[in-house]
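Chemist: TrEMBL lists 24-55 with the feature compositional bias 'Polar residues'. The domain 'Phosphatidic acid phosphatase type 2/haloperoxidase' annotation in TrEMBL covers 143-255. Annotation source TrEMBL lists region 'Disordered' at 1-66. Sequence annotations record features per position, and here TrEMBL assigns transmembrane segment to 112-138, 144-162, 203-228.
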Amino acid sequence: MPASQPRSRARDRNNVLNRAEFLSLNQPLKGNQEGRSSSRKQSGQAGPASAQNSSPKERRQSQQLPEEDCMQLNPSFKGIAFNSLLAIDICMSKRLGVCANRASSWGGARSMINLLGITGHGIPWIAGTLICLVKSSTLAGQEVLMNLLLALLLDIMIVAGLQKLAKRKGPYDVSPGLLDYLTMDTYAFPAGHASRAAMISKFFLNHLVLAIPLRILLVLWALCVGFSRVMIGRHHITDVLSGFVFGYLQFRLVELIWMSSNTCQMLISIW
């Protein structure tokens, strides 16, 4: 035993961690422990008091914040896909808006593109249908023209209602023209010119006897009218594509509520 005690003392002296400069590593300071314990006690005392003083509305907000953060940090797959497609649509529409203003790359052709868009406007088509209806003398012609007039009026009302609901702005800050205000075509989604061109072309293809070159030209005209609205910066690509879809659906609706020859004659006599 007496020999083992000097050996243990020598080991303690040789141990580096027993030096004065390394004592803080082995034994934490009492002041820090007391400070930490006091801060914990104060926070524990202040916690219930603040919780009691806080209103129920603040408690609900504090409970909702982690959920909102989780939603922002972990978005759903559908949200990511929708936002990605929306960004691609806006980017491509801005690139294709080559006639959005005079300073654009195709700014000199803006007047011609506008003229092409007017061929798909509702006011000229309604006026032309009324003139042809007055001059028509056959029952079959009057029946087709009256249903075409019904389709044009339905197109204006449906597109105006959908645009009021969506209220989507175009890719460029292009103000609507006077004719657009008359037909309430002031927003971007869906494109009224595209829906009207698709509906008219499908109507003519079904109810008029046309040669194959004329049928091809009619389809090309509808496509050009729709995408001319993208070129002048008035609509997005998805606005035009959705306009084509709505135009076809409007044609199917008119086919379902098709007015007979007797009904058309009665309406013409009243008018």
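Keep in mind that glycine also has a Cβ here, set from the backbone N, Cα and C atoms.
Where the annotation comes from TrEMBL, it is an automatic prediction and has not been curated.
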Chemist: Can you tell me how the residues of the domain 'Phosphatidic acid phosphatase type 2/haloperoxidase' (143-255) break down into helix, strand and coil by DSSP?
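Modeler: The counts are 84 helix, 0 strand, 29 coil.
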Chemist: For the domain 'Phosphatidic acid phosphatase type 2/haloperoxidase' (143-255), what's the mean pLDDT in this predicted model?
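Modeler: Within the domain 'Phosphatidic acid phosphatase type 2/haloperoxidase' (143-255), the model's average pLDDT equals 91.
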